[in-house]
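Here is the structure we will look at.
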Amino acid sequence: MDPLYLQYLRSNEYAAAQLATLNDPSMDREYLGNSYMDLLQKAYLGALVSPQKSQYGVSYLGKSGSLNHNYYGSPTFGLGMSYPGSPIGAPLLASSPIGSGSPVRHNDRNIRFTAGISNLSGGVMGSWHSESVGNLDESFPSSLLDEFKSNKTKCFELLEIAGHVVEFSADQYGSRFIQQKLETATTEEKNMVFNEIMPQALSLMTDVFGNYVIQKFFEHGSASQIRELADQLTGHVLTLSLQMYGCRVIQKAIEVVELDQQTKMVTELDGHIMRCVRDQNGNHVIQKCIECVPEDAIQFIVSTFYDQVVTLSTHPYGCRVIQRVLEHCHDAKTQRIMMDEILQSVIMLAQDQYGNYVVQHVLEHGKPHERSAIIKKLTGQIVQMSQQKFASNVIEKCLTFGTPVERQALVDEMLGTTDENEPLQAMMKDQFANYVVQKVLETCDDQQLELVLNRIKVHLNALKKYTYGKHIVARVEKLVAAGERRISILTLHPATA
């Protein structure tokens, strides 16, 4: 049996015996004395924390058998408080005799519990923690880490932290130190770091600071080290993809590993694509797959989106994924399916808080016939769309990336069919559409510019008569100033404007 754990068992027995003595009415309380109470307190604490050993795989006692208070990253918690990240929702040992008559009180601020290598929720990655408990001091910050953080004059080297790499990796400043050193590390230094992080690689991948060390090793490790590190991901790709820090490691791995390992990693996501796309962390992994992995290896990902393009385009994370597909997937069938679904709902998508980004993306990066198809769908609703928060951005993109003929048609629609230019007047007054008018002044040709600017000036004078429209007047005056600036530029530099 592990002698360390035997020590805990004995502490349990000792605590039970001493508590029985306490409950013995024949025992003189004065006889206990302060020193005896101190011993009892230590024994009781040993019994209290020993169940945590098996749950978290972390040591709590120092070599002397007394409670070690020197824990990494751990705030102090009284025993009457819940343990952060623990499944215990109520105060620890709520039914225990801890209270006013106990040697351990609820307000004892000297009791501390280790946080270990913390994951997103603040708990410990128990399922991935190494089963072996090494040197007791490995669970706590060593004097070396303390010295590193306090000694500002000494210049540490990687080899000097041998035996403490995991501990440094899980510390904010230690992690940064290792990252910087790995960029210029020798083969010997890299081997030392690699050999120490490998047994705890999965735990470090989900650690707030440790994940950066793993990423840096994917960047600067040898080919064989990168391959071996990537093998550690096997069976854990989905879990890591859905975790705040793990997803970053997966993305980095996808960027740097060879095709066979890329394919192996991506395959683990099969059957979970939509879950990942809708996840705040997983969507980044799917985007990275689309960007870095050859199309034929991710066809199962892309085909999942068929008949779901509109639904995903209106999702905060899904809209990003659809844009990556439009950028990186050049398969004719995929492009046709994507565009057909977008065009069928382009009016709705243009007005959606997320869908508008997909429409804008096609207007800016799509093929000319795709851009023209969208503009044709929007024609006839330009004024209405310009007055909407999200759709107005789409109309601006139409003006920026449309052909001169298409731009002329859009401007004509804004001017209307009468001298009153009712559509333009409405747009000038609107909080969103006035930006579209400004975009007209920036993008239209010389003839259109003078025409539109003159019409704006006419209506500006009319607006000044109404006291309610002062803020509108100020807005329109900005439009006029912008238009006149462009005219002056055209006059001074006709060839370059």
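Keep in mind that glycine also has a Cβ here, set from the backbone N, Cα and C atoms.
Keep in mind that this is a model prediction, so the values were computed, not measured.
What TrEMBL records for 140-480 is domain 'PUM-HD'.
What TrEMBL lists as repeat 'Pumilio' is 160-195 (among others).
For 196-231 (among others), the entry in TrEMBL reads repeat 'Pumilio'. On the 0 to 100 pLDDT scale, the repeat 'Pumilio' (196-231) averages 97 in this prediction.
Note on the repeat 'Pumilio' (232-267): residues 119-120, 198, 201-202, 205-208, 210-211, 214-215, 218-219, 226, 275-276, 279, 281-282, 284-285, 288-289, 292-294, 297-298, 301 of its chain, located 6 or more positions outside it, place their CB under 8 angstroms from a CB of the stretch. Marked as repeat 'Pumilio' by TrEMBL: 232-267 (among others).
Residues or ranges marked as repeat 'Pumilio' in TrEMBL: 268-303 (among others). Non-local neighbours of the repeat 'Pumilio' (268-303) in the same chain are 234-235, 237-238, 241-244, 246-248, 250-251, 254-255, 259, 262, 312, 315, 317-318, 320-321, 324-325, 327-331, 334; each lies 6+ residues outside the stretch with a CB under 8 Å from one of its CB atoms.
For 304-339 (among others), the entry in TrEMBL reads repeat 'Pumilio'. Taking H, G and I as helix, E and B as strand and the rest as coil, DSSP gives the repeat 'Pumilio' (304-339) the counts 26 helix, 0 strand, 10 coil.
Taken from TrEMBL, the feature repeat 'Pumilio' covers 341-376 (among others). Taking Cβ pairs closer than 8 Å, the repeat 'Pumilio' (341-376) reaches residues 307, 309-310, 313-316, 318-319, 322-323, 326-327, 385, 388, 390-391, 393-394, 397-398, 400-403, 406, 410 in its own chain, all 6 or more past its ends.
The list of residues near the repeat 'Pumilio' (377-412) in space but at least 6 beyond its ends in sequence, with Cβ under 8 angstroms from a Cβ of it, reads 343, 346-347, 350-353, 355-356, 359-360, 363-364, 368, 371, 423, 426-427, 430, 432-433, 435-436, 439-440, 443-445, 448, 452. Annotation source TrEMBL lists repeat 'Pumilio' at 377-412 (among others).
Annotated repeat 'Pumilio' per TrEMBL: 413-454 (among others), in sequence order. Counting residues 6+ beyond its ends, the repeat 'Pumilio' (413-454) has Cβ neighbours under 8 Å at 379-380, 382-383, 386-389, 392, 395-396, 399-400, 404, 407, 460, 463, 469, 472, 475-476, 478-480, 482-484, 486-487, 490 in the same chain.
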For the repeat 'Pumilio' (196-231), sequence-distant contacts whose Cβ falls under 8 Å of one of its Cβ atoms, 6 or more beyond its ends: 117-120, 125, 128-130, 162-163, 165-166, 169-172, 174-176, 178-179, 182-183, 185, 187, 190, 240, 243, 245-246, 248-249, 252-253, 255-258, 261, 265
